[in-house]
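Colleague: Summarising the annotation, Swiss-Prot assigns signal peptide to 1-21. Feature annotation from Swiss-Prot assigns topological domain 'Extracellular' to 22-535. Summarising the annotation, Swiss-Prot assigns N-linked glycosylation site to ASN29, ASN43, ASN59, ASN84, ASN186, ASN306, ASN504. The annotation disulfide bond is assigned in Swiss-Prot to CYS73-CYS298, CYS85-CYS97, CYS118-CYS160, CYS302-CYS326, CYS494-CYS498 on the grounds of sequence analysis. The feature transmembrane segment is assigned by Swiss-Prot to 536-556, with sequence analysis given as support. Feature annotation from Swiss-Prot assigns topological domain 'Cytoplasmic' to 557-571. Feature annotation from Swiss-Prot assigns S-palmitoyl cysteine to CYS560, CYS567, CYS570.
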Amino acid sequence: MLSLIMRTVIALSYIFCLAFGQGLPWNDNNTATLCLGHHAVPNGTIVKTITDDQIEVTNATELVQSSSTGKICNNPHRILDGGNCTLIDALLGDPHCNVFQYETWDLFVERTNAFSNCYPYDVPDYASLRSIVASSGTLEFFAESFTWTGVTQNGGSSACKRGTASSFFSRLNWLTKSGNAYPLLNVTMPNNDNFDKLYIWGVHHPSTNQEQTELYVQASGRVTVSTRKSQQTVIPNIGSRPWVRGQSGRVSIYWTIVKPGDVLVINSNGNLIAPRGYFKVRTGKSSIMRSDAPIDTCISECITPNGSIPNDKPFQNVNKITYGACPKYVKQNTLKLATGMRNVPEKQIRGIFGAIAGFIENGWEGMIDGWYGFRHQNSEGTGQAADLKSTQAALDQINGKLNRVIEKTNEKFHQIEKEFSEVEGRIQDLEKYVEDTKIDLWSYNAELLVALENQHTIDLTDSEMNKLFEKTRRQLRENAEDMGNGCFKIYHNCDNACIESIRNGTYDHNIYRDEALNNRFQIKGVELKSGYKDWILWISFAISCFLLCVVLLGFIMWACQKGNIRCNICF
């Protein structure tokens, strides 16, 4: 019990010492305290700068879009859902893809469950043909009158049924022998229009020599398709292949582009799958994408195989494949752009008198009307006000920062899928290496760009704080003293009107100079050094102990007189 009383006495003595030894300015009507500070929040956001990987700021904006909507929006881009059909099947006229004839699109969406349902085929230059058709954005077809003399046209197969009847690709004409003859074919078709024409043709590879002669008479056929600048000659490869839809033979699909003024020449003595007309080659920004995301009624400029994503951020890590005006793909999951100042959470109020501190010690929480401001303590009490001019100066330079980053990184283009056949494996490896290198480079550039912008933001906001402090110092001059923590001790009576004049820049130091000079000398003369404070502390403690002992002794004597306490002295 006595130990507790002693500790209480020591604490009270120390408090008395501080109260009388520090000479707090706001207890004196002749002085005031003015502190400058900046906005702070309890929990800031960590960002990276050039000099620091982890620096806390009051506010930051995420620059990386890391999730999609999970659905493909059909506006503003025209989306064509391929459903069960691939683009090439729709191009050739597979019976189950008739609904796509003459369709147009901005983006053709191929599904993983798409399948062919006609005679088995392959396209040696599949990726190029797919890309040309996809970028054209249409399957509009123009029939032409080719003259095929001495052969049977419109061949069909049980592998390609329309209803219950055997059929074939609607855009191709399977030519076989007529009677027991298959004459040499030599057909020309000039391009008298002012646009490029895409012709699709093919070569049939029978599974046996018997099938070859039954269809084309000759033991080996040949197909040559030429223009003035190109020529393709294909000799059928006769042989058994894995059975597909009841067929062991195959059709190889080829394509030729005929320029305006050029001529298409077709020579064959067998195995020709002839064109029925042409597709008009268009140049545009249409494309194709493999995705199983559902198509929905919504608006989005950017589409990925995962679904549409917003394009209000400069970067995304949802998918490398994109269509439309999309953020740049980077490897990082997050890149935060500082849109606020350095955050220094406000410390707990120290001391029973609630001392205030300036920006050098900490920030101020709860200052919602500005980034920079003033706090004061004077004879009229305490107050706080934001400095809107310095706040606006910082905001003007920061507000456009996000838009500038987007402008530097967004490109209005789409990244198409790259496909290569097995024989182009080395090209595919090289392409993958180039794409990976580009992504690595962009990821590094993005991180560097954001770090530079963050460094600039923090330096800028620190600079505005220092400018405001120096502006205040120049106003007060010798009428106040820099306390070293972002505060000024004003050596004259500075009421609220005086404080306001300092904030708005109309303070006249000459008016208060004499009073401030006089008060400075008086206050300095009685300021106690730390050594005197120690002596006062010990003297106060000793007196307190003495008084406590006197009170305790008096209580004991009183109790003994009343008989409440009995003392037995034993020898």
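The backbone N, Cα and C atoms fix where each Cβ goes, and this holds for glycine too.
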Colleague: Which residue, out of the glycosylation sites ASN43, ASN59, ASN84, ASN306, shows the minimum number of other Cβ atoms inside 10 Å of its Cβ in this structure?
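Modeller: Output over glycosylation sites ASN43, ASN59, ASN84, ASN306: least Cβ neighbours within 10 Å is ASN43.
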Colleague: When the Cα of ASN43 (N-linked glycosylation site) is compared with the Cα of each of the recorded positions ASN59, CYS85, ASN186, ASN306, CYS498, which one is closest?
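Modeller: Result for ASN43 (N-linked glycosylation site): the nearest of the recorded positions is ASN59.
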Colleague: Return the member of CYS73, CYS160, ASN306, ASN504 nearest to CYS85 (disulfide bond) in space, with distance defined Cα to Cα and candidates limited to these recorded positions.
Modeller: CYS160
Colleague: Would you identify the secondary structure of ASN84 (N-linked glycosylation site) according to DSSP, in three states?
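Modeller: Assignment for ASN84 (N-linked glycosylation site) reads coil.
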Colleague: Could you pull the average pLDDT for the topological domain 'Extracellular' (22-535)?
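Modeller: A mean pLDDT of 87 is what the predicted model shows over the topological domain 'Extracellular' (22-535).
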Colleague: Looking at the recorded positions ASN59, CYS160, ASN306, whose Cα is closest in space to that of CYS498 (disulfide bond)?
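Modeller: If we rank ASN59, CYS160, ASN306 by Cα distance to CYS498 (disulfide bond), first place goes to ASN59.
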Colleague: Under a criterion of Cβ-Cβ distance under 8 Å and sequence separation of at least 6, what residues of the same chain contact CYS118 (disulfide bond)?
Modeller: ASP89, LEU92, ASP94, PRO95, SER157, ALA159, CYS160, SER167, PHE168, PHE169
Colleague: By CA distance, which of the recorded positions (CYS73, ASN186, CYS302, CYS326, CYS494) lies nearest to ASN84 (N-linked glycosylation site)?
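Modeller: In terms of Cα distance, ASN84 (N-linked glycosylation site) lies closest to CYS73.
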Colleague: Near CYS494 (disulfide bond), which residues of its own chain have a C-beta under 8 A away, given they sit six or more steps off in sequence?
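Modeller: In sequence order, ALA32, LEU34, HIS376, ASN378, ILE502, TYR512 meet the Cβ cut-off.
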Colleague: Going by DSSP, give the three-state secondary structure for CYS298 (disulfide bond).
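Modeller: CYS298 (disulfide bond) sits in a strand per DSSP.
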Colleague: Using the alpha carbons only, what distance in Å do you get between CYS326 (disulfide bond) and ASN504 (N-linked glycosylation site) once rounded?
Modeller: 47
